[in-house]
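Student: There's a structure below that I have some questions on.
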């Protein structure tokens, strides 16, 4: 079992912890998250970005992690970035908690996400269905109030 964690921080009061676990390269990865400080009762874009660089805030994280050169999509779509995790839903206090199981996100192997970044966006991800070029790249999910680098843990 390989385990990783990303501690999300940013300048907008959004923060949280994301843990990832994968038993083997063939198995799906379980992603557990608890993120506070978002708007209440909202959906926010949630992605893994290419770089583990947060030196200039979350902008330094680069684009969505996309080793297979696909367009942006929903987590269940065949055509999607590896980093496309869809939206997280917040409760009345602005806290999002949940578990995602994803077969494209890997901690083991050549497309591992270890060392990359998890980013929470300020807007809702349109899942590539927005009908414009930006939708096919980012889902029009907007600014990046919080991010964290994915690192191995025990």
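Including glycine, each Cβ sits where the backbone N, Cα and C put it.
Okay, so Swiss-Prot annotates it like this:
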- 47, 49, 64, 121: Cu cation binding site (BINDING)
- 58-147: disulfide bond (DISULFID)
- 64, 72, 81, 84: Zn(2+) binding site (BINDING)
- 125-136: compositional bias 'Basic and acidic residues' (COMPBIAS)
- 125-144: region 'Disordered' (REGION)
- 144: substrate binding site (BINDING)
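So that I understand the layout, could you describe where these features sit and how close they are to other parts?
Tutor: The Cβ of residue 49 (Cu cation binding site) has 27 other Cβ atoms within 10 Å, all protein chains considered.
Other Cβ atoms within 10 Å of the Cβ of residue 58 (disulfide bond) number 26 in total over all chains.
The Cβ neighbour count for residue 81 (Zn(2+) binding site), using a 10 Å radius over every protein chain in view, is 28.
Residues 43-47, 71-74, 77, 79-80, 84, 86-87 of the same chain, all 6+ positions outside the compositional bias 'Basic and acidic residues' (125-136), place their C-beta atoms under 8 angstroms from a C-beta of that stretch.
DSSP assigns residue 144 (substrate binding site) to coil, not to a helix or a strand. Here residue 144 (substrate binding site) comes close to 10, 57, 58, 59, 61, 119, 120, 121, 122: these same-chain residues lie at least six apart in sequence, with C-beta atoms under 8 angstroms from its C-beta.
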Student: Take the mean position of the Cβ atoms of 47, 49, 64, 121, the recorded Cu cation site. Which other residues of that chain put their Cβ within 8 Å of it?
Tutor: 45, 46, 48, 61, 63, 65, 83, 84, 119, 138, 141, 144
Student: How many whole Å apart are the CA atoms of residue 81 (Zn(2+) binding site) and residue 49 (Cu cation binding site)?
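Tutor: That comes out at 10 Å between the alpha carbons.
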Student: Nearest of the binding-site residues to residue 147 (disulfide bond) by CA-CA distance, picking from 47, 64, 84?
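Tutor: Its closest listed neighbour, by Cα, is 47.
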Student: Between the binding-site residues 64, 72, where is the Cβ count within 10 Å the lowest?
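Tutor: Relative to the other binding-site residues in 64, 72, 64 has the fewest Cβ atoms within 10 Å.
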